Amino acid sequence: MPIATTNPATGETVKTFTAASNDEVDAAIARAYARFQDYRRNTTFAQRAEWAHATADLIEAEADQTAALMTLEMGKTIASAKAEVLKSAKGFRYYADNAAALLADEPADAGKVGASQAYTRYQPLGVVLAVMPWNFPLWQAGRFAAPALMAGNVGLLKHASNVPQSALYLADVIARAGFPDGCFQTLLVSASAVEGILRDPRVAAATLTGSEPAGQSVGAIAGDEIKPTVLELGGSDPFIVMPSADLDKAVSTAVTGRVQNNGQSCIAAKRFIAHADIYDAFVDKFVEQMSALTVGDPTDPQTQVGPLATEQSRDEIAQQVDDAAAAGAVIRCGGKPLAGPGWYYPPTVITDITKDMNLYTEEVFGPVASVYRAADIDEAIEIANATTFGLGSNAWTQDEAEQRRFINDIEAGQVFINGMTVSYPELPFGGIKRSGYGRELAGHGIREFCNIKTVWVG
């Protein structure tokens, strides 16, 4: 994929960039490594917090321009782009306010270990490579940058090739906020350059959010080099609705959960599992609301669903839906790419999917919802867990016993009861199974790239 800004609403390439040379990449790594030696020793949490708050101030002040840039590069609606920008600022503020406490020394009972002092200390690892996706250009990269910088690490960002201007903006705003030169750099490079960067002995660790194949590649390289990694990969999140649920609220949340970010979110609800007693009512209401969504120009504030980010994404989704229909699945609404310029695919609802169909196990990264009927809670959980992924999940029920079953038995990194899966700075984010390992956000996220050092003083 070329490093370029291409407008998904028109297919027009707006701006292209030249990839960094090997020498330029080496210089960036050297700059980061040299900066780390000083940054970790000679900056305090208070100083870093001042710069992080200044970063948030700038992001908020420039929200309209940055939102427009993200919409231009990857097609998210202008309303969701603006919300993402403000959320990114919130992430910087959260770590500015909480990093010192999250990474404070943890005392142990010194007497029990025969010491005068005994405690755990969290120390930064060094240069961390972040390989980030296009679907949340600022929030995803920012939620790496904020905890990494506050912990005393320095960052190298290899962003997706279709959001280069968003990537450059983040490095620029961090520098303008006062973080020292070399603390956070964007590398405009292709995916093929990642291996060389990660194998460089000056790079201590890596984090990747992206596809399963990309995660396998980075995980294998990091494993070979014995370097810690965090992988946040795909998801095929279940959304279960039981008879006691507030059906209208569940349906409206299901619609939002499926088409958020034009359906291109790892934690978007993708597989909808309705109890047999309310299945027909759920499907009718769901199809009605999905069909009524406004699809169009993402810069129009009235648009609810914009284009997919790439032509390849649109074509892959169309093929997945066509294959399911050919195998006997029923298309309740949508189901065909929209005519005209841009990479649009309409909100689509599919039922009558059987276990032998590819759609039963595949992740669909767009506004396509699969709906399943469950005879009881046991079957609902069985369907929910019938995936190689385990990122997020939703369950709707007022029955407390059912809530406990879902919390305990759904195989996922996150379970949201009577609500939509959302990432919050205050809560750890990540998955199990083939959705990856490690955690972002909250205290767990900032500690991922710290040396957990045991200190014993006799």
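Using the three backbone atoms N, Cα and C, a Cβ is placed for every residue, glycine included.
The active site, proton acceptor feature in Swiss-Prot is assigned to E232; the stated evidence is sequence analysis. Within its own chain, E232 (active site, proton acceptor) has T207, L208, T209, G210, C266, L391, F429, G430, G431, S435, G436, G438, E440 as residues 6 or more apart in sequence whose C-beta sits under 8 angstroms from its own. DSSP assigns E232 (active site, proton acceptor) to a strand.
Among the features that Swiss-Prot reports, active site, nucleophile is placed at C266. Residue density at C266 (active site, nucleophile): 30 other Cβ atoms are found within 10 A of its Cβ, drawing on all protein chains shown.
What Swiss-Prot records for W134, N135, K158, H159, A160, S161, G210, S211, L233, E363 is NADP(+) binding site, and it gives similarity to another entry as the kind of evidence. Neighbour count (other Cβ atoms within 10 Å of the Cβ, all protein chains): 25 for L233 (NADP(+) binding site).
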Cα-Cα distance maximum in Å, computed over every pair in W134, N135, K158, H159, A160, S161, G210, S211, L233, E363 that the record assigns to NADP(+)
24
Please report the DSSP secondary structure of K158 (NADP(+) binding site), reduced to three states.
strand
Hey, does DSSP put W134 (NADP(+) binding site) in a helix, a strand, or just coil?
coil
